[in-house]
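Asker: Here's a structure for you.
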C-alpha cells in the first residue's frame, strides 16, 4: 500500500485517496497491455498501470487485488468504486491513457459477479477490522499495521459509496472513526517509524534515537502561528486554523509552508544526524539528553559556508541567540530551517549562495517571530503562518526555477554559445554581490534577477516554448568563450616560463661556444636580458585576453573589478613600450654578469636605464616569491575580509568568493616543489642538449646560404636567410619542446608513484605463496586494524609470533563470511570453500586450527618423514616437524581430532579405556623422549590409508543404517588393530589388560571389541570436524593452487595485504560515521532475462555460451551449487540463479546493488561481534536470544547505512508498454523486495488539472519494497522537470540526494561492484574524515582505488583495464601526494556529505560546460577550501568499456568534457589561484594532457607540411646538395623529428610500474611484451587520434554531448559502415591526408635523398597512419573473415546510395550522416568558420607545388602555370556537373539526348587528352601526379563549402557540394576497404586476428576460433538439467 508521508496530502485528501504512481505518457489500449505481459499477475497490473491523472484510484485497486481471494464480491465493489471515481475525475476521458484504462476496467467489471448487498461489505469491513487491526495492535510490525489501516480506510470509502448513510450501522461508524483517528500514526516509514504504534522496533529503543527525538520534539516557547483557511466549510476552517505541531520542523512548516513529504523526510534526516553525532564516544549509561557539543558541531558544519558568505558580503549573520533563549532549541530551529529549504530547493540546490540568501531572510523572520514580532523596517507585527504547504515552493523556489528554465531555453539544447546564456554558476554568483539584497523579502517579482531579457510582447498564437529572443542579461564574473586562448589565459605563468626558457636556451646555444656557461659572457648575458621584453609582451597578451574574454560580463562586475582590468592592461602596455626603448638605449653600454652585480652596489647611479627598468618590473614577482615561501601568510591575507587587506590584494587577484587561501602547508609545498624542480631541470637539460643545440649549426649554415633556385613560382624570391626553411625545420622542434613536459611528467610520476607505493606496503602479499607464508600474522593484523580494541585492552603496535585465541575467533567470523560470499558468487567450489574456512578454535584442540589450505600435504609429508627417519632421538624428528611452521599444527590437530572422533563414537566403557590408554602411552612417550622406541613409524602409512577410508565412510550419506554401521565398525577395528599391532611396540599389552579388566570373559567370546558405537552425536560441528580431518589427511600438493579462480586469489591477497598497510583504527560501530551510498540509474540493464541469455548473435553465440567459456571455473562452481542435492532448487529457482550468474558478470544494476548491500552485511557482523565481545568482557552473556542480538545489529546497521538508487524514469518504465522497460521495472522491484533496506528514488511525472487545464506536475518520490509491491515513503513536489535544466546524471543525483542520510556519502556508478571483505574496512576509511588526524584540516573527499573487473573479456578490454588501473592507482596516488591536485574522477569516492550539500552538491550540472560532471565536484571542493585524499587499502570494483567502438565513444566523451573544462571558470580560477608548481600539476593532469595529445598530432602535420614546402619548392634539394651543408650530418639528425608515438608509448610506463609493484616486475615485463605483441601500441596510438580530434573540435566549434557507450558484452562484429561513420572524420580523413603527404615527400625527394634517411624520418609517421586507418578493423571480431567482408561491402554500398531526409537515421543513409557530421558547423560562430576556412587552405599547397613539377609544364615557374591548372580543375568539375544535371533533367524524358551528350563529352575528353599527350608532352606520370595535386584541392573546396553552407545554399550550389562529398566518401571508403578485402582472402589472417583479439581468454581455455565460427556444441548442459 502506498501513502504520502504524514497524513493528508498536498490537496487535503486523505492518504488512501492520494496519487500513488507516476505513469508514462505512453499508454496503449489496456487490452494490449494485458497481452504484452502474459507471465504477470493480471491483477497486479491494473493497480500499477493507472494513468497519472487518475493516480488516486490506485490504492483502491490495490485493495481489490489484495482481498480478491477472500471476498471476490467486495473486490468487485472496490473496482466499481474505482471506476466511478475515475469517471468523476475525468468524465470526458481527456487525460492521457484514461479512455483505454476505463474501457479495460469496464470489461473487467462485466466479467465479474456483481453484488449489491449492503450487509456483505459492512460485515466484511467489521470482520476485517476485528481480525486484523484489533488483534494486530502491539503484535504486528508498524509496516504491516500501516498497510492494514490504509486498506481499512479504502474499504470504508467504498462502503460509503455503496451503502446509503442511513443503513451504515453504529459499529461500522465506530470502527471507521477509530481508523481515521489512528491512521496518521501508521504511515509507511523509511528508517524510523516515528509515529508508528504496533510492536516496538529495535531502532526506536536505541537511547541515542530517543534523545534525538526528544530534542526535535521540544516545541516549548514556540508560538502557535496564525493560520488562514481558504475553505468555506466552518469545521474545515476551524481544523485548519488550529492545526497542531509536534516538533520543530512541523512548526517551521506551518510558518513557511513546507510540504509534508519534505517535513517528514528532513525530520528523520535530522534525528538520525543528531543520534549519530551524539552517540560517538559516549557512555550508554544515564543517556537522557543530547550533549551540548553535538548541536554546536552540526551548527558549525551546516553554517560554515553561510557565515563565510555573510563575512564576504560584510552583512550581519542572522544566526542570533538572544540572552536567555534555549540555545539548543534555537540551533535546531536554524538547522531544521536550512534542511527544509534544501530539501525542497530542487535544482536550486546547485546554487549554494542562493540558498544562503533564502536562509538569511527566513532566519531573520524566525528571529522576528520568536523574539520581536515586529518587522525591522515597517514595524508591522508578523502575520505568521503559511496559507498552505506549497507556499514556500510556489513563492520562493518556483520563481528562481523559472529563471533557470528561461536561461536554459537560450542554450538551444547545447547548440548556443555559452556566452549567450547564464548557467547555474552565473545565477549563483549573482548572490556573491551585495546587490543581491535588492531582491528583497518576500522576493520582488519586479527585481532585476527575475525580469528576464525575453519578456517582450507575446502574440496570442505564439507558443510559450519558443526560444527567448531580445536583449540578454550579462554573464556573472566570467564568460565561457570558445577559444584556444583560454589555455594561455588560465595558465599564463607556465607558458611564460616555457617561452622565456626557450628564448634563453636559444640565445645561449646561438653564442659562438654554444656552451651553457656562455651565459656568463657579458654580451650573451645582455642578450639573455631581452627575456624581460618578451615577458612584458606576454603580460600584455594576458591583460588583453582578460579584457576581451571577460567583456560579456562587464555589466555584472563592480567598478573596482573593471578598473583593475583596464589598469592591468595599461600597465602591461606601458611596460611593453618602456622596456624595448630602455633596451635600445642600453645596447651602447653592455655589462657582464660579475661587473653587473658588483657595480650595482658600488656605482648604482651609473647603471643603465634598462637595468633600473628591469628591477622595477620584477619587483612584484619578488614579492610574490616571498609570499610563495610563506603560505600561511598568503592564506590569511586572501581569506581576510578587512578592507585594508582587500585593497592590498586588489592588484594581485580580484576578490572572489571561492578560490581564496588555497595554499598548502610548508611540508606539502616542499614535496611538490621538489618534484617539479627536478622535473623541469631534466626537461630543460634534455631540450637544450638534444633538441636545440644540434639544430643551431645547420641553422647557421642555412641562414648564410644565398642564391637558391626555386622550382616553383616564388612570390618573395629576394627574401634573405631562407626563413621558410628555418621555420620548417624549427617548427616541429618548438612544438615538441612545448609538449614533452607531459612525457617527463609520465616518467617522474611513475618513479615517485612507485616509490610511494612501495613505502605504503603495496604488493607485499601478491601471490598465494606469500599469503601462506604470512597468514599466521593475518588474524592479529585483522584484529589490530579492523576491530576496535575490547574494553580494557590496549592496541598492539607490533605483530608478534604468538597467536591469540580471541584474535582467531574474531577473525574467523569475518574470514568465513568472506569465504561463504565467494562461494555464493561462484568464485570457489565447495571443496575450495572447505579448504579455506577457518574453524573458530574450539576447546577440544590444544593448538590453533589454521585453514586446511595452509596445512595441505603437511600430514602426508610428516608421515613420509617419520617413515624414512633413520635417527634414534625423538628431538631430531620433532625438530624437523616443527621447522615447518604449519606442519606441527597439522600433526597435533590431526592426532587430537582423530582421538576425539573415535572416542565420541564409542559406547562401551572398556573400549573407551583402550583408547584412553593408547593416548596416554603416546603422550607419556613424548614427554619421556621415548616415542621412537615405543612406536614403529613404518606402520604409519597403512594407518593413514585406513583412517582415510574410515573418515570417508563417516561422511557418506547412509541409506541402510545397519550396513553403514557395520562398515564403520569394521574399519574402526582395523584401525585399532593396526595401532596396537603394527605401530605400537607394546600394543598387545594394552589389549590384554583391557581383556582381563573387563571381568566377563564368557561374554567377551560372544561380543567383540569396538562393536558398540553411538551415531547419535552427529551434529554440524561434529561433521565439520570430520570434514576438516579428512582434508588434513588426504589433501596433497594440489591445494597449493587453491583457489583456482584468479579473481578469488586477487581478492584474498589484496585483503591480506591491506591489513599490513597504514589505515586509521576501527571505531566501535556506534562511534563510526554514518554514511549513504547513492547510485544514479537511467535505463541500463538491471538483470538479464532468460531470452537475452540465450539470444544468439549472427555467429550463433549467446551471452551465456560466451561467459561459460570465459569463466569456466565459475561456471562449473555454479553448476555444482545449483545441482547440489542438499540445496533444493526448483526449475524456476535454477533459471533465476542462472540469470543472476550471468548478470553478476556483466555491468548491471543488480551486480552493483548486491555489492553495495555487503556494507549492511558487514555492519551487522561487526555489531554482532561487538555485542558478544562486550558480553564476554562483562563476564556474562545477556539473556537476549540470538534473534534479539541480530535485531539490535540490524537497527544499528539502519542507523549507520542507507542505500539509495536514483532510478530517474522508474515511473515511466512501470507504465510503459515496451517489454524492456517493463522488464527493468520488474527487476528493480525484485531488487527492492530482495533487499528490504534498499531505497529507490524516481522523478514522477503526473498530469493534474489546474485551473481546468491539464498540466504536467513533477515529484521526487522515495520507494521501498513491501508486500510484493513498491511502497511510497515520501513524495515532494518539484517546481518543474528537474532534468530539463542541466545534464541528466547530476540532475538525477541531485533530486535523490535529499533522501540520503549520514555524514558521508559514497557515489557509486551503476557499472560498479563491491566485495564483502572490502566493506569491512568502511568504518576505518570513514575515520579519515575525523578531526585531529591531519591537524586542523580534514579531507572533504576520500578517493578510493578501483579494480577494473572487465579485463578478462578480450585483449582490448585488457589494455583498457591496465590503462584505467594505472590511472586509479599510481596516477591518483601521485595526484594526491605529493602533487595535491587529485580531484573527483567518478566513483567510488566518499564525500563529506554536509560539506558538499551546503556548497552545491556532489557534481555540477550546467548543460554542456559540465559534461564531465564528476571532476567539477573536485574543482568545486578545492576552490571552496576542501582537501582531497586518496586511499589504497580499500577498493571497489568497476567495469569499463570492452569493445573498440565503445572505448572510442568513451574517449570521445572524455575529450569533449576536457574541451569544455578548458573554457570553464573553474579551470580558470584554479589555474590562476594555485601557486606556480601546483598549477603545473593541475595543468598536466587535466586539460594539459589532452592539449599535449593534440600538439603531438599537430607536430606530425607541421613536420610533414614543412617537408612538403621544402621538397616542392626545391629548397631541400638545393640544401642537401650544397657543398657546405653536405659536410654536416647534423641536418639529417634535425630532419628526424621526435618519434610521434612516444607519448602513447610512454603512457605505458605507469602501467608497467603499477603491475610491477603489485604483481612483480617479471610479470610486468611479461605483460608488457604480450601487450606489444597484441598491438597495444596500435590501440593507444589510435586513441591518441580520438583525444586530439574531439578535444580540438570541442574548443573550436563545440558540439559536445553525452555519449552513451553501452556496457554489454562485445562478442559481435561491427559492420564496415558502422566503423566508417564513427571514425571517418576523426581518423580516416586525417590518416589519408598523412598518406598523401608521405607519398608526395617520397616521390619528389627520391632522386637526391637516400631511402634509409626517408625511412628513418618517416617510420613513426607510417606507424601512426597504419594505426589510424586500420585499428578499428584489426580490433573488430571477424574483421578479416571473407563472408563478413562481402556482407559489409554490400551494406556499405546500400548505405552510401540511400537518400536522406527528415526522420531518416544516420545508420540508414549517407546523406543523413553527412548532415549530422556538420552539426557543429551549423552552430559555430564566425571565428570558428574563419578558422575552418583557413585550415582548409593547406590543401591548396599540393596543387601549387606539384603542377610546376609536371613534365607538361616544361620547368616554367611563372604564375600562369598555376592559373592554367585551376582552369583544368574547373573544367573537370563543370563536366561532372553537366553529367549530373543531365542525369536528373534528361534521365527519363530525353534518354537519347542524354546519351548523345555523354558521347560528345567522352569524345571531347579523348581528343583533349590526345592533343596533350602528342603536342604538349603530357606523360602517364603527369596524370598520376595530377590526381595527387587535384584531390586535396577538391577536398579544400568541399571543406570551405561546408563552412559557407548558408551562402552556398542561397546561390544554389549546395547540392553540388553534397555530391562532391559523396564522391570523396566513396573514394576514401574504397581506399580503406581494398586492403581489408585483400587480407580477408587469406584464411590465416582471420585466425591470427582472432588469436590476437582474444589471447587472454585463450590462455584460460577459451576457444574463440570455435566460438566465432559459430560451431558450438549445442548440447552445452544447462544447470537446470
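Any Cβ shown, glycine's included, is placed from N, Cα and C.
Bear in mind that TrEMBL entries carry predicted annotations, made automatically and left uncurated.
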Asker: Which is it, of 1696-1716, 1759-1779, that TrEMBL names as transmembrane segment?
Answerer: 1759-1779
Asker: Of 643-662, 743-762, 763-782, 783-802, which range does TrEMBL call transmembrane segment?
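Answerer: That would be 743-762, the stretch labelled transmembrane segment in TrEMBL.
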Asker: What range among 1611-1628, 1629-1646, 1827-1844 does TrEMBL describe as transmembrane segment?
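Answerer: Feature transmembrane segment in TrEMBL: residues 1827-1844.
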Asker: Quick one: which of 470-487, 524-541, 542-559 does TrEMBL have down as transmembrane segment?
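Answerer: Of the candidate stretches, TrEMBL labels 524-541 as transmembrane segment.
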Asker: In TrEMBL, which of 1864-1884, 1885-1905 is labelled transmembrane segment?
Answerer: 1864-1884
Asker: When the domain '1,3-beta-glucan synthase component FKS1-like' (329-444) is classified with DSSP, how many of its residues are helical, how many are strand and how many are coil?
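Answerer: Summed over the domain '1,3-beta-glucan synthase component FKS1-like' (329-444), the classes give 80 helix, 2 strand, 34 coil.
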Asker: In terms of Cβ proximity under 8 Å, which residues at least six beyond the ends of the transmembrane segment (1827-1844) contact it?
Answerer: 1633, 1636, 1639-1640, 1643, 1718, 1721, 1729, 1732-1733, 1735-1743, 1746-1747, 1765, 1769, 1772-1773, 1853-1854, 1857, 1860-1861, 1864, 1867
Asker: Can the transmembrane segment (674-695) be said to touch the transmembrane segment (562-583) if we require at least 3 CB pairs below 8 Å and skip pairs under 6 apart in sequence?
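Answerer: Answer no, regions not in contact.
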Asker: For the transmembrane segment (1653-1675) and the transmembrane segment (1759-1779), check the count of CB pairs under 8 Å (sequence separation 6 or more) and say whether it reaches 3 or more.
Answerer: no
Asker: What else in the chain is close to the transmembrane segment (1864-1884), if you only count residues 6 or more beyond its ends and a Cβ gap under 8 Å?
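Answerer: Result: 1616, 1620, 1624, 1628-1629, 1632, 1669-1670, 1673, 1679-1682, 1684-1685, 1688-1689, 1692, 1696, 1710, 1714, 1831, 1834-1835, 1838.
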